[in-house]
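Annotated features, as they stand in TrEMBL:
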{"type": "DOMAIN", "residues": "A:14-435", "note": "domain 'DUF112'"}
{"type": "DOMAIN", "residues": "A:522-655", "note": "domain 'DUF1468'"}
{"type": "TRANSMEM", "residues": "A:12-43", "note": "transmembrane segment"}
{"type": "TRANSMEM", "residues": "A:102-125", "note": "transmembrane segment"}
{"type": "TRANSMEM", "residues": "A:132-154", "note": "transmembrane segment"}
{"type": "TRANSMEM", "residues": "A:193-214", "note": "transmembrane segment"}
{"type": "TRANSMEM", "residues": "A:253-275", "note": "transmembrane segment"}
{"type": "TRANSMEM", "residues": "A:350-376", "note": "transmembrane segment"}
{"type": "TRANSMEM", "residues": "A:388-407", "note": "transmembrane segment"}
{"type": "TRANSMEM", "residues": "A:464-485", "note": "transmembrane segment"}
{"type": "TRANSMEM", "residues": "A:515-535", "note": "transmembrane segment"}
{"type": "TRANSMEM", "residues": "A:547-568", "note": "transmembrane segment"}
{"type": "TRANSMEM", "residues": "A:589-616", "note": "transmembrane segment"}
{"type": "TRANSMEM", "residues": "A:628-646", "note": "transmembrane segment"}
Amino acid sequence: MLDYLFAALTPLNILLAFAGVAAGTIIGSVPGLTATMAVAVLVPITFGMTPESALILLGAIYTGAIYGGAYAAILLNTPGTPSAIGTTFDGYPMAKRGDGDLAVTIACLASLVGGLIGAAALLLLAPPLATAALAFGPVEYFWLAIFGLSLIAALSTRDFLKGLIGAAFGILIAMIGVSEISGEVRFTFGSTTLLGGIETVSALIGLYCVPVLIELAARSERHLQEPEATRGFRLPEAFATVMRQKVNLLRSSVIGTLVGALPGAGGSIAGLVAYSEARRSDRRQPPYGRGNPGGIVATESANNATVGGGFIPTLVLGIPGTPPDAVILGALLVQGVRTGPTLFNEGSSIVYTFIFGLFLATLLMLPVGLLIGRFAYGSIVRAPKAGLVPVVAFMTIIGSFAIRNSLSDVGIMLVLGIVGWVANRRGFAVSPIVLGLILGRIAEEGFVQSWTIGEAMGSVSGQFFGRPLSMVIIALTAMSFLYPFMPALKRILKRGGEEAMPEKSEASDPASRAAILRDLAGIGTMAAVAIIALWQCSTLNLEAAVFPRTIATGMLVLCGLAALETILTRRVVEDRSSGSLPRRAGVPLAMAAGIALAPVLGFAAAGIVMAAGLMLCAEHDRRSARGWVILGISTAAVIVIFTMGFREALMVPLPRGLLY
Amino acid sequence: MRKTIIASLAAITLSLPAAAQEFPPGQVEYIIPFGPGGESDITARMQQPFFEALYDEQLVVSYKPGGGGAVGWSQLNSMAADGSVIMGINLPHIILQPQQGNVGYQTDDITGVYIFHYTPDAIVVPTDSPFQTLDDLIAAAKESPRKITFSGSGKGTANHLAAIRFDQMAEVETTYVAFKGTAAAVTAMLGGQVAAEWGYTTVGVGQGDQVRLLAVAMEDRHPAFPDVPTFRELGYDLVSGAYRGIAVPRDASEETRRAVSDTIGKINADPEFQKKMLDGGFALTDVAYGEEMDAWMKAKADEFIPAARAAGVID
């Protein structure tokens, strides 16, 4: 064993691990650049290396990219990768109140511990865990997705019904495009743009980041609270916080390792399940969702634990645990290394050297991550709004392009961003929509497969409810759904029910007639979506239609209930913030212009045109002519550097157009 | 700024007579209409170093996933036709997708220039499965119709069509459960969620001694599995799989089409490349541009379309 440790610790490997973590962290911090892409881009570089060094480099990039996703989640409310969704829930509120630096450091520590626990499981428990992962069948994946959806109950305490409607909406838009498991083209309305479906990461960027940009431009206050003085990394404080969360930290790391070892799940589910469990068992203030560091600890430790966990089926079974693992397996195959069980049994020098390399990379994440995190925090906190808005907007565009090299995805990103912003104002929070979008596909696959197998076996209900593992997940799901209502339930049980509604009186005054009409219009729009989906389902074959039809029917019922609730209680949950309307409208307009011009002028030139428009929208301070010139030139420089980096280093075929 | 415009205009004008150019015109972009990590990506990566050795030019593999490949193929003809862009094509996808609905392209829009390999369909069971031979499995399927479940990658795919055609040939009824990709189908088979898998020979390589192949849909046995019979040997005329090749945009000149075809043929003829592919469980094919390709495509359409109709994947 020690031989392998020393084999991993050659100067070259240390250098590769270091460079890999740094490159991964930077790539992962850009919304849209996922760990899969970071790994795929660097695969050709590894062809000249020994398999051990190649694996260490790729593993280090992967580790770094998963952690890097936390920066954008905390500082911009935009998960850089789906794994970091849960990080936004508490990370962004922390950053808003001025604790962004602390949040970044906590994320780094949690990622470190999660990564180490995942790697330790890979070293010590890989074969049994891989066997255990195989016990997870389609039914279990279905219920696991439903378990993930139960987090909606927690995330939408303001209005549970609207949370459920939002999730159903997210599930329905996830069904758009060619369905791989039924082979049908669904909900595209004849458009080839929608054929490829809604790409998850670009949807995340749109739904989370565009509303932030619109609100940034609309108001004059700073993006994040600026600290009075530089406070360093706040490492002791972060360490103390993480220590208070040690149970959460361990539990989330274990959840991350186990979920990572399931080939059909991934970092996003791991993070959400860990978050859900952390929230259920932690009563400390502030509550989860409003800036409790426990939320960051849970998500970040769990998603980094999936790195080691994901390598378990990859190396033991030859089945990629996560999408980046699939790329790494492919790279090994090209190198002529036999992957799969033979690799684990016969190629143990490669495997163990790699595992120690993964430990090394995870440890290096602490210094590298803290330094890069410090830089990311500093630049976002200090940047003037008129520079921040255009640069972030450009990043969202170039990032959503790079995922599938598709300009349509960028358009879809912007449209969903506007939809998310409007929906949020009508009381439909974005997070349930995102959960539906991500988990809907997994749920549908599991549902249709279980149903087919159940029918073949002659017992559909036995398939869904009769398997022991499923029953455990169903019980956990029920607990998770009911948890937010526990205080109310307890009161009902204690007092016999009659006086169960005292909290209602503290609600706000009855809403105005106009507010009620607005609310009903919002609910009506959602109902219309459900009706359109039902109408479209009538032309599909049973396999393709069964899931969306069930969801749309449920959504329609929920819309009816929500409308009834609004009319009867005369209470409306909506978000009516102040701000200038022209500025708000200007942000999506400038972005749309930038997207439309990209193929004509070229990506960078269109980005600069867009940036000019966004600067005007976002500028609230008086600025001298000289200040404008400096700001303009530096923004343009950032855009050109990004374009060059994407085009030359990451080989993204950005449209060149007439200029650049 | 004006200089840049003039320069780019000049560049556009200069690049117009693409027909006269040599292949490759410089760096070549090799677009895979799927995400990284799949068989299309892996085999492209295997070709990459051989291409670069032939021409001393970079072959850049990039991805345009979506719609099971449809997003990439529907955009193929709008790309540069001077040989600087080539795209991976897959069968049965490009034959069946246009029949399934509006996917933005027709089969005839795709100018295929070479089919360089396929992953032969195979029936795969876990090592501890009671089915030792194909006959065991057929006997069980006859005894309890529809109860024998197979996992496989997708609907309307090579796996699915093989399942349909095999059921017809062997006069059995089995249940095909579609999974999202081969990895998920393998997981379900290894975990005992289904009785067997309609997979590929590559699964046998990847999973080693955890699995047993009952039969492979090839003309002759695969060198990596000398002990596994072909379906033909056992009396079922099933030679099929997922075929992969290369296409160029429709506007590419005859010279460019032939040049690309020759290049892929040269790589396919390299013994070192052949060894890598066979070790990975792939099977090489050589269908070159021209009448050979047209006839081959027609034969495959005649094979796939009736099976897909029987499967209810197309009307």
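Every residue number used here counts from 1 along the chain in the order it is shown.
Glycine too: its Cβ is placed from the backbone N, Cα and C atoms.
Just so you know, TrEMBL annotations never went through curation; they're auto-generated.
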Worksheet item: Taking the transmembrane segment (A:102-125) as reference, which of A:193-214, A:253-275, A:464-485, A:515-535, A:589-616 has the most Cβ pairs under 8 angstroms?
Response: A:253-275
Response to the item:
Near the transmembrane segment (A:350-376) in space but 6 or more residues beyond its ends, with Cβ under 8 Å, are 1, 4-5, 7-9, 13-14, 17-18, 20-22, 25-26, 29, 51-52, 55-56, 59-60, 63-64, 67-68, 71, 75, 101, 104-105, 107-109, 111-112, 115-116, 119, 122-123, 233, 235, 304, 307-308, 311, 315, 337, 343-344
Worksheet item: Do any residues of this chain, six or more beyond the ends of the transmembrane segment (A:388-407), have a C-beta under 8 angstroms from a C-beta of it, and if so which?
Response: 30-34, 37, 76, 78, 196, 199, 201-202, 205-206, 209-210, 213, 216-217, 223, 380, 413, 587, 590-591, 594-595, 598-599, 603, 607, 610-612, 614-615, 617-618, 635, 638-639, 642-643, 646, 650, 652-655
Worksheet entry | Contact check, the transmembrane segment (A:12-43) vs the transmembrane segment (A:193-214), 3+ Cβ pairs under 8 Å, seq sep 6+ | yes
Fill in: For the transmembrane segment (A:132-154), sequence-distant contacts whose Cβ falls under 8 Å of one of its Cβ atoms, 6 or more beyond its ends
160, 163-164, 166-167, 259, 261-265, 269, 272-273, 275-276, 279-280, 288-289, 312-313, 317, 431-432, 435-436, 438-440, 442-443, 445-447, 449-450, 453, 463-464, 467, 469-470, 473-474, 476-477, 480-485
Worksheet item: Restricting to the same chain and to residues at least six past its boundaries, which positions have a Cβ under 8 Å from a Cβ of the transmembrane segment (A:515-535)?
Response: 165, 168-169, 172, 175, 187, 423, 426-428, 548-549, 551-553, 555-556, 559-560, 562-563, 566-567, 570, 572-574
Worksheet item: Where else in the chain does the transmembrane segment (A:628-646) make close Cβ contacts, counting only residues six or more beyond its ends and a cut-off under 8 Å?
Response: 384, 386-387, 390-391, 394-395, 398, 402, 603-604, 607-608, 611-612, 615, 652, 654, 660
Response to the item:
Under 8 Å Cβ-Cβ from the transmembrane segment (A:253-275), and at least six residues away from its ends along the same chain, one finds 66, 81-87, 89, 113-114, 117-118, 121, 129-130, 132-133, 136, 141, 144-145, 147-148, 151, 288, 295, 298-310, 312-313, 317, 319-323, 435, 438-439, 442
Discussion item. Cβ under 8 Å, sequence separation of at least 6 from the ends of the transmembrane segment (A:193-214): give me the contacting residues as numbers and ranges.
Written reply: 31-32, 34, 76-79, 81-82, 85, 88, 173-174, 176-178, 185, 187, 389, 392-393, 396, 399-400, 403-404, 406, 408-421, 424, 430, 433-434, 437-438, 584, 587-588, 591
Discussion item. Quick check on the domain 'DUF1468' (A:522-655): DSSP residue counts for helix, strand, coil, in that order please.
Written reply: 106 helix, 0 strand, 28 coil
